[in-house]
Amino acid sequence: MSLTTPDKAQVLADALPWLTALNGKIVVVKYGGNAMTDDRLKAAFAADMVFLRNCGIHPVVVHGGGPQISAMLKKLGIAGDFKGGFRVTTPEVLEVARMVLFGQVGRELVNLINAYGPYAVGITGEDAHLFTAVRRTVMVDGVATDIGLVGDVERVNTDAVLDLIDAGRIPVVSTIAPDTAGLVYNINADTAAAALAEALGAEKLLMLTDVEGLYTDWPDRGSLVNQINSDALAELLPTLEEGMVPKIEACLRAIDGGVPSAHVIDGRVEHCVLVELFTNEGAGTKVVRS
């Protein structure tokens, strides 16, 4: 059922408190999942970023590219594997990831946003020393496990991103970054988004997923929560499914780093970012400091 004109006006008026609270603030959005594979959702996400920008909010997009990387690896006949929720990255896999993230996924999103005007600029963690990486391991069945050329973010230099924001642009960040010796790593986009949100002093970190939010007792659909504090979330972490772990670790990192709230939202919902930021119902789970 379509809204009447007064109803549409009321929707806009109802959003005013949130628009006021976020005016001039930075919101880091991790773009991934179905939202980056479905054409309708991709277009809606791009429109959401432009909406935020034109309302005086500063969106910064950090994107993944898991499905696209997997598809390219398959096309090239290169084996792929995951451990602890992270992609095992050999030198061959890294070259594919580098090509796909910046040359395909990032370019597509930049073009979708720029259909509305000269807003988006794509950069990588390699540009202007944005990210300095350090090699990481992951815990698999309680054992620290090497996963190849996969890095964590050791340092963030926000100068380039802040320059883009000051120029009225929307940074679109691909998460490939070198260490201090110049060896390049693939950084999980969830991890990178949290580190960037912390370094920028962002007001919010939004994580797009393919679920309705956080379930405290999956697969019990009744265990979906709309808000949880960081202590309760940390206790829940060992029970979560492997694919959700990097996202929840990222939320906790952001909260511990001073970001007021992190949000795990359903990227399958059209305009999910606007729904989460500007409605009472939201589109997922809000994480706050204990």
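Cβ from N, Cα, C; glycine included.
Keep in mind that what you see is a predicted model, and the values were worked out from it rather than measured.
According to DSSP, Gly65 (substrate binding site) sits in a coil region rather than a helix or strand. Within 10 Å of the C-beta of Gly65 (substrate binding site) there are 23 other C-beta atoms, taking all protein chains into account. Per Swiss-Prot, substrate binding site is recorded for Gly65, Gly66, Arg87, Asn186.
In the three-state DSSP reading, Lys30 (site 'Transition state stabilizer') counts as strand. Among the features that Swiss-Prot reports, site 'Transition state stabilizer' is placed at Lys30 (among others), with the record citing sequence analysis.
The feature site 'Transition state stabilizer' is assigned by Swiss-Prot to Lys247 (among others), with sequence analysis given as support. Around Lys247 (site 'Transition state stabilizer'), a 10 Å sphere centred on its CB holds 27 further CB atoms from the protein chains shown.
Distance noted between the C-alpha atoms of Gly65 (substrate binding site) and Lys247 (site 'Transition state stabilizer') is 14 Å. In sequence order, Gly66, Ile69, Gly80, Asp81, Val93, Ala97, Ile147, Val150, Asn186, Asn188 are the residues near Arg87 (substrate binding site), counting only same-chain partners six or more apart with C-beta under 8 A. Its own atom aside, the Cβ of Lys30 (site 'Transition state stabilizer') has 32 Cβ atoms within 10 angstroms in the protein chains shown. For the recorded site, Arg87 (substrate binding site), the DSSP three-state label reads strand.
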